[in-house]
Amino acid sequence: MVFSPTLTSLVLALFPLASVNALRTKRTLCPDGVNTAVNPACCALFPVVQDLADNLFENECGDSAHGALRLVFHDAIGISPTLGGGGADGSIVIFNQTELENPANLGIDDILSTLSPFLFKHLDTLSAGDFVQLAGAVSLVQCPGAPRIPFFSGRAPPVAAAPTGLVPQPFDSVASILQRFGEVGFSPEEVVAVVGGSHSVAGADDIVPNMQGIPFDQTPSVFDTQIFVDVQLRGTLFTGEGGQQGEVETAVAGTVRLQSDSLLARDSSTSCAWQSFANNQSGIETAFGQAVLKLSLLGQVQSQLTDCSEVIPAAIAFTGGPATLPPGLTMNDIEQACPTAPFPTLSTQPGPATSVPPIPQADDDS
Ligand code: HEM
Ligand SMILES: *[C@@H]1O[C@H](CO)[C@@H](O)[C@H](O)[C@H]1NC(C)=O
Ligand SMILES: *[C@@H]1O[C@H](CO)[C@@H](O)[C@H](O)[C@H]1NC(C)=O
C-alpha cells in the first residue's frame, strides 16, 4: 500500500513534535504510575505541568497565561554578544531585585508575584531557566489556536542578572527593535511573528492610566490573527501612563495599541510581513511557534539539553473563523502600509459596536 500524503500529514498532525525515532520508541510508565514517557528523565516534569495548568493558569488563556508568555521574552532576550547576559536562564526570577529596576520590565513584578511561588516550589525538580520556558510552553496550550512548542530541559542556574538595555521598549523605533533582535539572530519576519503573535494573547496593565488588562486586540483569550487587523486600523496617539508618548487609542473600543506594534505594522521594513499574518492562522501558528522556540534557546546549546517536549499537553485547536473588521468599519479603515500587496479583504462583524471587556486580573479572584 502506498503511504499516501494524506496519511503522512495525518500522522504529522497527530504527532507534530515526535521525531521518526520517537514514534518507534516505546513509552514506559513513569514512577507516578499515571504518565508514560519515551524518555524517563522527563517523568518528573509531568506533575509540574499539571500544577501549572490547574493551579497557575486554571486551564484558561487568561492573565496568568499571558504573564508567563511575556516572561519567556523578558528572560530570554537578556543576552547580547557585546554586553553578555545568560538569555533564557531564569535570571529575571532569581535576580529579580536587579532586573526589575530595568524600566523595560515594567509590570513584570506582578507576573513574578503570581508565578514565582510555583517556581520556588518546583526548584528541586527543574532550574529557574527551565521553569520559565516550561511555563511559557504550557501557557500556550491554554490558548485556543496557539502552537504547541517543543520544550528542552537542562538549563544551568543563572549566574547573574541580565545587563539593562536589552529588552525592547514600546516607544523604541523599528530600526532599534530590529537591531536588538537581530543581534540574537532574529530576522525582521521572525520579529513580526513573535511580537505580533504574542500580543494576540495580551494586554496592558501599565499603559492606560488607572486601567488594567486592556487588550491589544478584540480576542485576548484566543491566539488568532485579529491583532494584525486591529493594529492596522487607523488610530490616534495619546500619552500613556508615566508620560510616555506614543500609545494609540484604536478604532476598537476597549483596546489599546503599543506604538511599537503600530510601527511594526507600518514601517517599510516590516509592514508586508505584518500584513502577511492577517487572516493567516496557520502561517502565524508556524512562524510564531518557531520564533518562541528560538527565544527559549537563547544562551543555551540545544544539543546539551534533553528533549522533554512529550510533557507538553496537546494544543487547543483554533475553531474561530476568519479575521473580521469591527462593526461599522470597512476596508477603508485599514491603513494600508505594505506597498506590494493589498491587505486581505475582510468582512465586517454584524451588529452595533461593543467595547472589548478588560482581561480579568490574576489577583482579582484571590
Ligand atoms: C518589540 C518588542 C516588544 C515590546 C516593546 C513589548 C512591550 C509590551 C508592553 C509595554 C506590554 C504591556 C505591559 C504592561 O502594561 O504591563 C506587553 C505585554 C505583553 N507582551 Fe510584549 N512586547 C514586545 C515583545 C513581546 C514578545 C516577543 C512576547 C512573547 C514572546 C511578548 C509577550 C507579551 C504578553 C503575553 C503581554 C501581556 C502580558 C499580560 O497581559 O500580563 N511581548 N508587551
Ligand atoms: C526575588 O528573588 C529572591 C532571591 O532569589 C527570592 O527570594 C524572591 O522570592 C524573589 N521574588 C519574586 C517575586 O520572585
Ligand atoms: C502566511 O504565513 C506564512 C508563514 O510566514 C507565509 O509563508 C505565507 O506567505 C503567508 N500567507 C500569505 C497569504 O501572506
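Every residue gets a Cβ built from N, Cα and C, even glycine.
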Cys338: disulphide-linked cysteine among Cys272, Cys308 [source: TrEMBL]: Cys272
Cys143, Cys308 - which one TrEMBL pairs with Cys61 by disulfide: Cys143
217-246, 337-366 - the one TrEMBL records as region 'Disordered': 337-366
Residue from Asp75, Gly87, Asp89 whose C-alpha is spatially nearest that of Asp217 (Ca(2+) 2 binding site), among the binding-site residues: Asp75
Candidate binding-site residues Gly87, Asp89, Ser91, pick with smallest Cα gap to Cys42 (disulfide bond): Asp89
For the region 'Disordered' (337-366), the number of residues DSSP places in helix, strand and coil: 0 helix, 1 strand, 29 coil
Distance [Cα-Cα, Å, rounded] between Ser91 (Ca(2+) 1 binding site) and Thr219 (Ca(2+) 2 binding site): 31
Within-chain partners of the region 'Disordered' (337-366) [C-beta distance under 8 Å, separation at least 6 from its ends]: 62-64, 66-67, 110, 113-114, 203, 205, 211-215, 218, 220-221, 229, 232, 252-255, 265-268, 271-272, 274-275, 278-280, 322-331
Gly87 (Ca(2+) 1 binding site) versus recorded positions Cys30, Ser200, Thr219, Cys338 - nearest by Cα: Ser200
